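As structure tokens, the structure follows; a few thoughts come after it.
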Amino acid sequence: MTITAQQALQRTIEHREIFFDEMLSLMRQIMAGEVSPVMTAAILTGLRVKKETIGEITAAATVMRELATKVVVPPPHDHFIDVVGTGGDGSHTFNISTATIFVTAAAGARVAKHGNRSVSSKSGSADALEALGANIMLTPEQVAECVQATGIGFMFAPSHHSAMKNVAPVRREMGVRTIFNILGPLTNPAGAPNTLLGVFHPDLVGILVRVMERLGANHVLVVHGLDGMDEVSLGAATMVGELKDGEVSEYEIHPEDYGLAMVGSRNLRVEDADESRRVLVGALENQPGPAREIVIFNAGVALYAANLVDSIEAGIVRARELVASGAARAKLDEYVQFTRKFGGA
């Protein structure tokens, strides 16, 4: 079922839903550059004001996945995971999700991380990996080779979503959050079936776990720290939406339930990508402090999402062992060295 841009705009103004098939059609038009910048901005604003529905987000993500340049990672996919955040939480912490992938891969998971440069933070995942010396400008085949060899592949979002070129100038000029801010984490080009997904707003926990269910995901934990972080937090309880065995559940976890001390996110803030690198490496080198503890907490949840352990508690125990033994730091070095064989810094 098709819908014109004008009809879609009218629908959003009236706070009515754009149905799934209509949203598929609309997104294909927008991504093909068939909708003018003015109408695109108006529709994106209308969706934001009325609040995007599960169906609208699912349809938009479906189109983004269709158009993405894929990374083909051979099975098995039981322990294949993305650890990703929407960003936009304004916390300016070091790159926690990037540190987490090295612990997760050291445990035997395969991680296909989908990320970008910083928009609002001091250091996006692409910035963090480049600061660590990794070459992130790889072809899809090279990314797949990285995953096979090291257990980690990084997919630089602009390299895999070329259709975004028709939307990027509009988003840049608008300068406000739109549906595209939440589509990135839903559109992993390698199709990782398991995900630890951090979100910037509590309302997104229940919404995005149900979107991931509709998109056919396997095991997903969508998290939001009640102190505002788009990570599993040490500073407050963390809301969790979990998809497992086809069932969705929602609950809260608290650091003290796992024997972890509470620490405010201000203790994890950094000024730039270089400081983020130093803090990240220190955490993986088992230097005591809040950075190490939050990486262990997030990695524990990621190991559970990757089906390597049966509980978050067991994941935290395993993550602590991997950091203490040096395995996580060794995985970082292995990954960086492997990417550099393709050229780059």
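Here the Cβ of each residue, glycine as well, is placed from N, Cα and C on the backbone.
Record features, source Swiss-Prot:
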type    : residues                                    : note
BINDING : GLY85, 88-89, THR93, 95-98, 113-121, SER125 : 5-phospho-alpha-D-ribose 1-diphosphate binding site
BINDING : GLY85, ASN116                               : anthranilate 1 binding site
BINDING : SER97, GLU231                               : Mg(2+) 1 binding site
BINDING : ARG171                                      : anthranilate 2 binding site
BINDING : ASP230, GLU231                              : Mg(2+) 2 binding site
>> Rank aside, I only need the closest one: which of the binding-site residues ASN116, ARG171, GLU231 has its C-alpha nearest to that of SER97 (5-phospho-alpha-D-ribose 1-diphosphate binding site)?
In response: GLU231
>> Radius 10 Å, atoms counted are CB only; among the binding-site residues HIS114, ARG117, which position scores highest?
In response: HIS114
> Compared by Cα position, which of the binding-site residues GLY85, THR93, ARG117, ASP230 is the closest one to ARG171 (anthranilate 2 binding site)?
Replying inline: ARG117
>> Please report the distance from the Cα of HIS114 (5-phospho-alpha-D-ribose 1-diphosphate binding site) to the Cα of ASP230 (Mg(2+) 2 binding site), rounded to the nearest angstrom.
In response: 16
> How many Å lie between the Cα of GLY85 (5-phospho-alpha-D-ribose 1-diphosphate binding site) and the Cα of ASN116 (anthranilate 1 binding site)?
Replying inline: 10
> Which of the three DSSP-derived classes (helix, strand, coil) applies to THR93 (5-phospho-alpha-D-ribose 1-diphosphate binding site)?
Replying inline: strand
